[in-house]
Structures are given as C-alpha cells and as structure tokens.
Amino acid sequence: YGGMGLDFSYNIAVAEELGNIRCGGIPMAIGVQAGMATPALTRFGSDELKKQFLVPTIAGDFVACLGISEAGAGSDVANIKTTAVRKGDEYIINGGKMWTTSGCQADWMCLLANTSEGPPHRNKSLICLPMNLPGVHVAKKIDKLGMRSSDTAQIFFEDVRVPSKNLIGEEGKGFTYQMLQFQEERLWGVATVLTPLETIIRETIDYTHQRKVFDQPVLHNQAVHFRLAELATEVELLRSLLYRTVALYVEGDDVTKFASMAKLKAGRLAREVSDSCLQFWGGMGFTSEVLVSRLYRDLRLTSIGGGTDETMLAIICKHMKTLPSK
C-alpha cells in the first residue's frame with residue numbers, strides 16, 4: 001500500500017529523530033498520521049478500505065485524524081456517546097469529538113463510535129469517516145497552552161451517512177482495536193520526548209556555563225551539575241525501557257504493562273526535566289525566546305494525551321500479577 005514493509009522499531013527510530021524538531025506539535029501530527037490513526041486500518045481493514053484511505057495517507061496526499069475523545073470521555077474510552085446506527089448499507093453518525101489533533105485539516109477520521117446497545121467494551125466499532133461529508137461540522141480550533149503549531153479541533157456529527165463498507169474489521173471490536181492502537185501511540189509518544197529532553201539538558205549546561213551569578217558560572221554550583229547529571233541518567237533509563245518494550249512488541253508479545261510504564265515515566269520525566277532546567281535559566285526561562293520555555297509548555301501534554309498518568313497507573317496495577325514474558 002505504499003509503505004516500506006519495515007517493522008515497528010523503524011517507527012520508533014523515526015519518532016526519536018523527529019525529536020530534533022524544536023517543538024512538540026509537528027512530531028505529534030506526524031505521529032497521528034503514522035502510528036495513531038492508521039494501525040487498525042492497516043491490521044484489520046479490507047483491501048478496498050486500505051486502497052481508499054491508507055494508500056493516500058501513506059503517500060501524504062491525505063491527512064488523517066483520530067476521533068476518540070469526547071467532552072465527557074477522555075481517557076475513559078468506554079464512556080463515549082457518539083453513535084453510528086446501521087440502516088441498510090449505511091451508518092448514520094451522531095455525536096461529537098473533542099481534542100482532535102489535525103481535525104481542522106483532516107481528509108478522514110478513524111472514528112470510534114457505539115454501533116449497538118451492548119456492553120461498553122463490545123458495542124464499539126472503528127469507521128473510516130471522510131471529513132467532507134454533509135453533517136460533519138468542525139466547530140472550532142482549540143486554543144491551547146502548548147503544541148500551538150498543531151491544530152486541535154472540536155467536531156460535531158449530525159446525521160452523517162457513511163457506507164457500511166467503511167467499517168474497519170468486525171463490528172463490535174472497535175474498543176479492542178483502539179486499545180491496540182494506543183500501544184503504538186504511547187510508544188511513539190515516549191520516543192518523541194527523548195531527544196527534546198536531551199536537548200534541554202544540553203542547552204541548559206551551555207547556558208549555565210556562560211551565565212554568571214555571584215562572580216561564578218551557575219553550572220559551577222554542585223547542586224546544579226548534580227541535578228543535571230541525575231536528569232540525564234533518568235532519560236537514559238527511559239530510553240532503555242522503551243527499547244526493551246519495542247523489542248518485545250516486534251516479537252509479538254503483549255507489552256501493555258511496559259508501554260504503560262514507559263508512557264507514565266515519559267510524562268513525569270518531561271515535566272521534571274523541563275521544570276528543573278527552566279529554573280536554571282532564571283528570568284530567561286520565563287520568556288518565549290528560549291527552547292526550554294516552549295518545551296515546558298509542549299511536553300506537558302505527555303502526561304495527558306493518549307491516556308493520563310492516572311490511567312497508566314491503573315493499567316499497570318491491573319497487570320502487576322503478569323510476569324515479563326522475557
């Protein structure tokens with residue numbers, strides 16, 4: 001379908017390199033395209049559906065977005081209210097989605113909707129939804145604290161008619177498919193923070209070496225260089241956890257626990273590194289002229305998007321009885 005046929009470890013290599021972009025919004029938008037809105041279509045979609053949506057997305061001719069979160073259901077995916085009611089050879093969709101990355105410019109959405117009245121984990125389906133259909137309303141572009149180079153939309157659906165053939169895989173399996181997509185999304189998110197965190201630390205070392213307070217460089221304070229050494233060590237530990245998790249995933253193992261651990265650590269470490277380093281920049285750190293202040297805002301999303309820290313903790317607790325398979 002136009003891809004290179006490489007395994008998932010190459011996605012992570014790309015994600016890590018994209019961290020060299022000096023903001024968080026662009027790597028995130030590329031991640032939605034490459035590893036958040038498309039894995040279920042790639043794995044479970046029909047050949048016809050892949051040709052219609054996956055081929056132009058891989059080619060870069062289509063922009064994809066992921067329609068999961070709603071105003072009343074963020075990390076609580078099972079509680080979404082959007083419905084897709086089957087009538088003949090069509091689904092009629094009503095509801096809305098919130099915090100949709102690339103939603104203002106997307107050509108299609110990988111939409112999670114309730115397709116029956118059954119139990120919440122077995123009544124959902126994923127549907128390829130063209131965004132130019134009648135009844136699709138992009139209500140607004142959301143003004144955000146960070147990730148400001150990435151458009152985030154609030155979207156409403158009013159009697160949107162979609163061909164039933166746009167269903168990804170089996171009806172009622174959408175929750176399961178989305179949980180699988182979340183694994184790749186979370187690992188991508190971890191990979192994209194590694195390089196920015198290294199960059200913040202390196203630039204902070206350079207700045208505190210040049211900046212003098214009380215007639216000596218700030219870096220010459222033991223508290224400063226010890227703290228930076230601690231943070232650099234934490235980043236390397238996170239990288240090791242990520243690489244181990246990806247290796248297991250490529251081998252076909254269930255990495256739910258390790259991926260959740262990595263996502264939790266990435267979010268917390270992003271906050272810790274950016275906050276500690278910004279402090280060492282003093283007044284300059286509170287301006288918009290330096291990278292550390294931008295990443296302080298952009299990387300704050302890591303603890304929220306793709307499942308909050310608290311959601312990761314709940315998943316880890318659930319899997320605490322599961323021993324590592326390797």
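Cβ from N, Cα, C; glycine included.
Given the structure is predicted, the values throughout are model-derived calculations rather than measurements.
According to TrEMBL, the feature domain 'Acyl-CoA dehydrogenase/oxidase N-terminal' maps to 1-61.
Under DSSP, residues within the domain 'Acyl-CoA oxidase/dehydrogenase middle' (65-160) fall into helix, strand and coil as 3 helix, 51 strand, 42 coil. Residues annotated as domain 'Acyl-CoA oxidase/dehydrogenase middle' in TrEMBL: 65-160.
According to TrEMBL, the feature domain 'Acyl-CoA dehydrogenase/oxidase C-terminal' maps to 172-320. The domain 'Acyl-CoA dehydrogenase/oxidase C-terminal' (172-320): residue composition by secondary structure is 122 helix, 4 strand, 23 coil, according to DSSP.
Residue counts for the domain 'Acyl-CoA dehydrogenase/oxidase N-terminal' (1-61) by DSSP state, with H, G and I taken as helix and E and B as strand, are 42 helix, 0 strand, 19 coil.
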